[in-house]
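Q: The structure that follows is given in the form of structure tokens.
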């Protein structure tokens, strides 16, 4: 809390807050809980369209899938905790987002995990990766929720640090929807789940400041302890309770613990709450009321129910072996009062906890873009560099640790443009997350637009009509003027791109103060998207013998932030621009081509450019190709720029020759560049050979990720 905020609180109360009140206020006024630095900009984001049932403001967003099915979706970061204790930090990140979905009345059905680390040459970064992946895998597998996709990327700005973002979707019937706030006084507050301990105390305040060099020792107690077995019981018990129709409001205890859950539940519609902190079941002896109120012990939920329904709901919890207690009630008066063994230990106006004033920091624009001459290296050397990049390698090592098939809904599995989950006999839900900090670092506005465009392309590539978005904004300290400016520009880019596609953000997360000892991370907006797809229309992904290969979209000289430049250590360049008109037209064209059954396979072009997209399709289809890159619709005649530019709006399509004329009619920029077949990848330029590689060699490199961790495949 800043000195001017402490002064404001003293003036409002007319006195000094006592120890319990001060601890609760510190938690609720933290950046992590209050969004005080980000709220002024977040209101720019579009939050409504015909698919949105519930936009931002509760624990998760809700999207209409059809008349009988709604989808709850949310995204969270657990960056600081995972950097300090990677296993526990990542595991509790999964637990938290699953409970966010659960408390809307939805059954969690899938997770995505966009995760980022420093260079793998360093042992500490390998330790963080292995711990985070094991934490996500163990927790997700044990609660029976599949992890179906995500990103695993590496960047020098994350040395000794990690970004762990987790998105979750759940499925629900409209009649089971429960709000996270109350609409009447007199309700009893029932706490259920794990006992409360000292873990996670000041978790939100720790997440609202940069990490020190000794964070691993100093901040370990701020990381919560995961217990997936209790979470599994909590999922089933919560849904059974919700299905009775007698749960009036429901929140999980995440950041800020009991203070945050109960004050937000009561305060949203102007009610108050009385909490009897000494009734909370404790895991450790001699805990103080302060510790009880701000503990972030995991696997706990807070239910608001009418007095006459308490016993019925309680019996459900007992059936699952879960401990439950009435810890308070909702009152008419808008105050937040805490008792401890009969003594009043806190008494605050509830809006002092829930309505935190915003802060607008100084902004300072910067520009890192500058024209850079394309390097004069051979095509073969450039391809080897990019194809062997840790960001391009197949992450099978990661996703094979996750049970991605539990619940039996996963139709399109990890490793494709987007995962697809079966919702009913005819339709599936496509789910994907994307971000490109290298583009955002060069130009935060266009980097953010690009993240939205890539999500749309990934959804469209599996035949899905995009429905809605969620965003996770990972930034360094907002107190740095350049960082705050890049945040504002990012939100502007996210808003403009979503509006152009007619999409809305239904939930999101902001994580500031991602820096270690004065070293800020790059701006890293991560966007996750949902789409609806007809299951029998999903195209393939790999090449097939004898089929034509086409490129949709125009390639520009846009190598700034590209994988090629990163591998060569080149700074600057121009970040790719999104031509919204072309991006939309191409997405609509691809969807129409899929609807008509014109395409056998589709892959969007993104990281690594056309060269990488083609090689990935060859490896997946176990089929070679011959492709003349001089035929690609492009504004440059440099083979390296055509092959490795990361221009937006582009797709590789694979189709039988008889469909060519129909496809040509759908796109402004379209060309056949070659044919699939044989056992090698052959790149040409004006008929001359640039590179020839056997598929076996391509696969050997592509599957070599475990070697970077010192493991054999």
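Using the three backbone atoms N, Cα and C, a Cβ is placed for every residue, glycine included.
What Swiss-Prot records for 32 is active site. Annotated ATP binding site per Swiss-Prot: 35, 471, 508, in sequence order, evidence recorded as sequence analysis. Residues or ranges marked as Mg(2+) 1 binding site in Swiss-Prot (evidence: sequence analysis): 76, 509. Marked as substrate binding site by Swiss-Prot: 77, 78, 79, 80, 99, 224, 296, 297, 298, 511. Swiss-Prot lists 78 with the feature active site, proton acceptor, giving sequence analysis as the kind of evidence. Residues or ranges marked as Mg(2+) 2 binding site by Swiss-Prot on the basis of sequence analysis: 100, 252.
Please go over these features one by one and say how buried each is and what sits next to it.
A: According to its DSSP assignment, residue 32 (active site) is helical.
The secondary structure of residue 508 (ATP binding site), as reduced to three states from DSSP, is extended strand. The Cβ neighbour count for residue 508 (ATP binding site), using a 10 Å radius over every protein chain in view, is 26.
In this view, residue 76 (Mg(2+) 1 binding site) is surrounded by 26 other Cβ atoms within 10 Å of its Cβ, with every protein chain counted. In the three-state DSSP assignment, the secondary structure recorded for residue 76 (Mg(2+) 1 binding site) is strand.
Summarising the environment of residue 78 (active site, proton acceptor), the number of other Cβ atoms within 10 Å of its Cβ, over all protein chains shown, is 33.
Residue density at residue 252 (Mg(2+) 2 binding site): 24 other Cβ atoms are found within 10 A of its Cβ, drawing on all protein chains shown.
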Q: Name the residue among the binding-site residues 77, 79, 509 whose Cβ has the smallest number of other Cβ atoms within 10 Å.
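A: The binding-site residues 77, 79, 509 were compared, and 509 has the fewest Cβ atoms within 10 Å.
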Q: Starting from the Cβ of residue 99 (substrate binding site), draw a 10 Å sphere and report how many other Cβ atoms land inside it.
A: 28
Q: Please tell me which one of the binding-site residues listed here (252, 471, 509) sits closest to residue 78 (active site, proton acceptor), measuring Cα to Cα?
A: 509
Q: Whole-number Å only: compute the distance from the Cα of residue 77 (substrate binding site) to the Cα of residue 508 (ATP binding site).
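A: Computed Cα spacing between residue 77 (substrate binding site) and residue 508 (ATP binding site) is 10 Å.
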Q: Determine, from DSSP, whether residue 252 (Mg(2+) 2 binding site) sits in helix, strand or coil.
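A: In the DSSP reduction, residue 252 (Mg(2+) 2 binding site) maps to strand.
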Q: Near residue 252 (Mg(2+) 2 binding site), which of the recorded positions 32, 76, 79, 298, 509 can be found within 10 Å, Cα to Cα?
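A: So the list reads 298.
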Q: For residue 508 (ATP binding site), which of the listed binding-site residues (76, 79, 99, 100, 296, 298) have their CA atom within 10 A of its CA?
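A: Taking 76, 79, 99, 100, 296, 298 one by one, the ones whose Cα falls within 10 Å of residue 508 (ATP binding site) are 76.
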Q: What whole-number Å value do you get for the CA-CA distance of residue 471 (ATP binding site) and residue 99 (substrate binding site)?
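A: Rounded to the nearest whole number, the Cα-Cα distance is 18 Å.
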